[in-house]
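Residues or ranges marked as active site by TrEMBL: D33. What TrEMBL lists as Mg(2+) binding site is D33, E220. Summarising the annotation, TrEMBL assigns substrate binding site to 34-38, R46, H50, 78-80, W82, R84, R201, 207-209. Taken from TrEMBL, the feature active site, proton acceptor covers N81.
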Amino acid sequence: MFFRNKNISIENDKILKEIDMNKIPKHIAMIMDGNGRWAKKRNLPRSFGHKAGVETIREIVKTCSKLGVKYLTLYAFSTENWKRPADEVSTLMNLLVEYLKGELEELNKNNVIINYIGDISALPDICQKELLNSHSKTKYNTGLTLNLALNYGGRDEIIRAVKQICTDISKNNMDIEKIDEKLISNYLYTSNMPDPDLLIRTSGELRISNFLLYQIAYTELWFTDVYWPDFKPYHLYKAIIDYQKRDRRFGTVK
Ligand code: IPE
Ligand code: IPE
Ligand code: MG
């Protein structure tokens, strides 16, 4: 296997040279999928896949930060993931706390801002506490913004935005005519952030699974069969190189 080979760093160096550092996507979104199947393939419990997946997160966050990506949005727990067995949900929540506690210092050193999107009020108190703590300790950093999507659903986000807009119209007499694409963006969890340039999904599934529905209107999509725990900086470099070759027309002619 390529990655067990000692030539990894040479191969990485080679592929890195193909990246145009002036055209790094500003915002990358990732659907980190395949932890369960990664574990199953090894006859291990699903929790082992999630643990291995955290290692990938550590590495990918650092890589994005080094590349100068400004926003990285990771789909960590969807509004639908509550339907999983309770012990799996609690493993995921515990891993979140462990990750935040264990990585805070390193992320701070790397100038990363820890942020979250989604309704975190439904998460266990300890998760909320760690998220708020990590955010407040990193919010003045100026490097990569790491958005952890937690109890996040694209439809839920739109419903919330619609409700808030209706409330503002009824309370403040906000003019209905003011509703446009920008205003709706401003009511989403990602307000003040650019839409993703590139969306990566691992594990071979070719679907969006309720992620960033409004924001990905013109995002470039990149899929790989690789399971999330096997996803390495090398794959990210490949995705970026492919992205850089694409012609983003946004509906116009060039
Ligand atoms: C992604 O891996 C992690 C989360 C959804 C939290 P999965 O747990 O979905 O792994 P598969 O898709 O079952 O292999
Ligand atoms: C999407 O993966 C959600 C996350 C990665 C957090 P799922 O594994 O939940 O998606 P489906 O069920 O295959 O669509
Ligand atoms: Mg999955």
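Yeah, the Cβs are placed from backbone N, Cα and C, and that goes for glycine too.
Candidate recorded positions: D33, W38, H50, N81. Those with a Cβ under 6 Å from ligand 3, in sequence order, are D33. A gap of 26 Å separates the Cα atoms of G36 (substrate binding site) and E220 (Mg(2+) binding site). The least crowded of the recorded positions D33, E220, judged by other CB atoms within 10 A of its own CB, is E220. Screening the binding-site residues T79, W82, R201, I208, E220 for a C-beta under 6 A from any atom of ligand 1 leaves none.
In the three-state DSSP scheme, R201 (substrate binding site) falls into the strand class. With respect to their backbone Cα atoms, R201 (substrate binding site) and D33 (active site) stand 7 Å from each other. Taking a Cβ cut-off of under 6 Å from any atom of ligand 2, the recorded positions D33, G36, T79, W82, R201, I208 reduce to D33. Reported as a whole number, the C-alpha separation between D33 (active site) and H50 (substrate binding site) equals 10 Å. For G36 (substrate binding site), the count of additional Cβ atoms within 10 Å of its Cβ stands at 20 [all protein chains shown].
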